[in-house]
Amino acid sequence: MAVLCGVCGIKEFKYKCPRCLVQTCSLECSKKHKTRDNCSGQTHDPKEYISSEALKQADDDKHERNAYVQRDYNYLTQLKRMVHVQKMDARMKNKRVLGPVGGHNSNFKKRRYDIDEDDRDSTECQRIIRRGVNCLMLPKGMQRSSQNRSKWDKTMDLFVWSVEWILCPMQEKGEKKELFKHVSHRIKETDFLVQGMGKNVFQKCCEFYRLAGTSSCIEGEDGSETKEERTQILQKSGLKFYTKTFPYNTTHIMDSKKLVELAIHEKCIGELLKNTTVIEFPTIFVAMTEADLPEGYEVLHQEPRPLEHTSTLNKFIDNAREEEDAEEDSQPTEEPVQKETQDASDSDSDSDDDYNPGLSMDFLTA
């Protein structure tokens with residue numbers, strides 16, 4: 001049924017007053033309405049009070065829509081959009097004000113995640129060369145990014161790493177044991193890998209692999225080995241250490257199921273990680289045999305590296321290290337080291353570690 005004009009009541013309505021929603025059929029009826037009802041015809045004032053009776057009367061016949069409610073909803077949506085636009089404009093303006101002017105500015109510290117998603121591939125992430133290691137940086141806020149405390153230690157005058165340990169227990173027939181994951185911090189690049197293993201990880205190794213000559217394996221006794229004793233036990237244990245390998249010089253977010261064995265007795269941590277790729281910080285797999293590794297992982301006995309890119313990348317890394325050393329002499333690019341009460345150069349305990357399994361990267365695809 002056609003709705004008639006609310007003024008003359010003869011013709012079908014064509015217009016609706018923006019303020020009071022009275023329906024009119026012509027300009028003449030619209031003017032009569034404004035004079036009779038003292039209506040300005042302008043959009044409502046959002047601060048104006050609307051009584052509950054008027055709100056109920058604005059319902060349609062089926063009580064499915066309400067003009068006042070719809071009007072307030074549109075107003076709030078528009079207000080939210082306006083605030084969002086102003087916030088983004090202010091953020092972009094701050095970037096232009098704080099950004100370097102006229103080329104490189106050595107005093108300007110570039111933000112870690114100041115890259116718009118529209119300007120790059122969604123699978124591409126920021127890359128930082130740290131001590132010759134290709135570090136893929138995850139978006140800020142992800143758990144693995146928050147756990148990363150790798151930085152230049154000004155007190156010790158060397159680089160310290162965060163390392164994720166994944167212990168693979170010996171698998172027995174009919175029994176499947178869970179992996180043990182732990183993140184250790186402040187591991188010096190000049191140490192051997194086994195020297196960076198703290199008490200918590202060492203005690204778990206004793207439990208998983210029944211290491212001989214340790215008090216942790218004796219029932220009722222807590223581990224009381226010193227750092228030197230733990231290092232000797234691990235070196236004689238026959239444990240194998242692996243790390244993930246990625247496509248050479250990659251910049252795309254991905255996970256890898258391919259591992260390479262590390263020569264822990266020949267090189268220090270800095271030399272082991274050089275010319276490799278890690279996601280935020282290194283992940284080290286520990287197992288007694290290759291068969292104990294998680295299902296789906298493959299060990300490469302020789303890490304594949306394209307020879308045509310080796311010399312170019314090595315030259316690039318050497319230049320990056322020279323620039324990094326020059327910046328460290330003047331103003332370190334890593335976050336400053338906070339003062340600690342304990343000796344940072346010899347920390348046997350894992351009090352500074354995150355006893356947290358960390359972020360699993362299995363959901364990423366190669």
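Cβ atoms here come from the backbone N, Cα and C positions, even for glycine.
Among the features that Swiss-Prot reports, Zn(2+) 1 binding site is placed at Cys5, Cys8, Cys25, Cys29. What Swiss-Prot lists as Zn(2+) 2 binding site is Cys17, Cys20, His33, Cys39, and the listing cites sequence analysis. Taken from Swiss-Prot, the feature compositional bias 'Acidic residues' covers 321-332, 343-355. Taken from Swiss-Prot, the feature phosphoserine applies to Ser330.
Where Swiss-Prot records a feature, it is marked here on the structure.
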| residue | record | Cβ contacts under 8 Å, 6 or more apart |
| --- | --- | --- |
| Cys5 | Zn(2+) 1 binding site | Lys11, Glu12, Phe13, Gln23, Thr24, Cys25, Ser26, Cys29 |
| Cys8 | Zn(2+) 1 binding site | Cys25, Cys29 |
| Cys17 | Zn(2+) 2 binding site | Gln23, Thr24, Ser30, His33, Cys39, Gly41 |
| Cys20 | Zn(2+) 2 binding site | Asp37, Cys39 |
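Neighbouring residues of the recorded Zn(2+) 1 site, listed in sequence order and excluding Cys5, Cys8, Cys25, Cys29, comprise Leu4, Gly6, Val7, Gly9, Ile10, Lys11, Phe13, Thr24, Ser26, Glu28 (Cβ within 8 Å of the Cβ centroid). Highlighted in sequence order, Arg19, Leu21, Val22, Ser30, Lys34, Asp37, Gly41 have their Cβ within 8 Å of the centre of the Cβ atoms of Cys17, Cys20, His33, Cys39, the residues recorded for Zn(2+) 2, and are not part of that set. Burial estimate for the binding-site residues (Cys25, Cys39): highest at Cys25, by number of other CB atoms within 10 Å.
DSSP assigns Cys20 (Zn(2+) 2 binding site) to coil in the three-state reduction, placing it in neither a helix nor a strand. Summarising the environment of His33 (Zn(2+) 2 binding site), the number of other Cβ atoms within 10 Å of its Cβ, over all protein chains shown, is 21.
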